[in-house]
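Here is the structure we will look at.
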Amino acid sequence: MIKQRTLKRIVQTTGVGLHTGKKVTLTLRPASANTGVIYRRTDLNPPVDFPADAKSVRDTMLCTCLVNEHDVRISTVEHLNAALAGLGIDNIVVEVNAPEIPIMDGSAAPFIYLLMDAGIEELNSAKKFVRIKQPVRVEDGDKWAELSPHNGFSLDFTIDFNHPAIDASTQRYRMDFSAEAFARQISRARTFGFMRDIEALQSRGLALGGSFDCAIVVDDYRVLNEDGLRFEDEFVRHKMLDAIGDLYMCGNNIIGAFTAYKSGHALNNKLLQAVLAKQEAWEWATFEDEATLPVTFRAPNLVLA
């Protein structure tokens with residue numbers, strides 16, 4: 001039986017909140033089978049839980065947040081959620097003593113290292129996948145995103161940024177998903193923003209944690225970060241990272257092919273909700289033995305250099 005995964009032990013780190021610019025303590029806790037992914041704000045009394053759920057997602061200008069029925073929110077969940085998807089963590093409690101997950105370096109890599117440091121524990125319950133049975137597509141103007149049947153999880157993402165720093169040949173990225181592929185090819189890709197937007201937000205008391213340490217920053221002509229890019233196509237790789245995190249908001253890995261053109265958090269979430277709302281478009285899948293499991297989802301065997 002392919003089993004659900006959680007952590008072996010509690011791990012903790014600190015970082016800076018993108019919105020507040022203040023120090024945030026992040027604690028990752030193991031959870032029992034069928035708990036799912038739970039985000040928890042411990043700065044509130046009593047603490048407030050936010051189960052990962054496609055319907056709770058709100059897309060703001062700066063990040064993805066989860067909002068409960070009382071309009072309480074937890075922000076900047078997308079990069080950690082992508083790391084959970086990357087390692088196939090089914091059950092976890094994510095605690096922060098703030099309204100937001102720390103931004104770290106703007107990628108998912110610090111979270112991958114933290115999760116690997118905790119270690120992965122298999123639980124004695126079958127891991128449940130969402131298997132796509134029919135194509136589902138959503139559109140917004142010229143932007144679109146689609147999930148279609150595929151025995152694995154493949155991603156094909158195209159961006160269309162007219163900017164001197166983003167070469168036309170680096171605007172499409174394709175990948176057959178695996179924990180190793182995610183860790184090596186996607187997790188290190190950072191979020192990006194315009195200097196003018198960051199300055200405008202900070203003048204209004206927003207994005208106070210935004211800096212060269214946690215994003216690729218561009219002006220109208222070039223990348224301003226001293227060390228440049230981590231990949232020549234880091235921009236599109238980060239959009240794929242975002243999509244992996246967005247699609248994991250249902251708390252289950254997807255078996256299917258994801259294709260997108262100029263999609264973002266809002267459209268990715270719209271696609272996930274459209275799939276889940278169309279009962280004939282998907283089914284639950286479990287696997288009795290590894291031989292029948294798509295190679296994509298074999299247990300991660302990561303040695304991170």
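The backbone N, Cα and C atoms fix where each Cβ goes, glycine too.
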Just to be sure I read the record right: His238, Asp242 are listed as binding Zn(2+) in Swiss-Prot. Which of His79, His150, His163 is listed for the same site? His79
What's the CA to CA span in angstrom from Asp242 (Zn(2+) binding site) over to His265 (active site, proton donor)? 7
Shell list (Zn(2+); ref centroid = CB of His79, His238, Asp242; cutoff 8 A): Glu78, Ala82, Gly106, Ser107, Ala108, Ala189, Arg190, Thr191, Lys239, Met240, Leu241, Gly245
How many Å lie between the Cα of His238 (Zn(2+) binding site) and the Cα of His265 (active site, proton donor)? 12
His79 (Zn(2+) binding site) to His265 (active site, proton donor) - Cα separation in whole Å: 11
Which state, by DSSP, holds Asp242 (Zn(2+) binding site): helix, strand or coil? helix
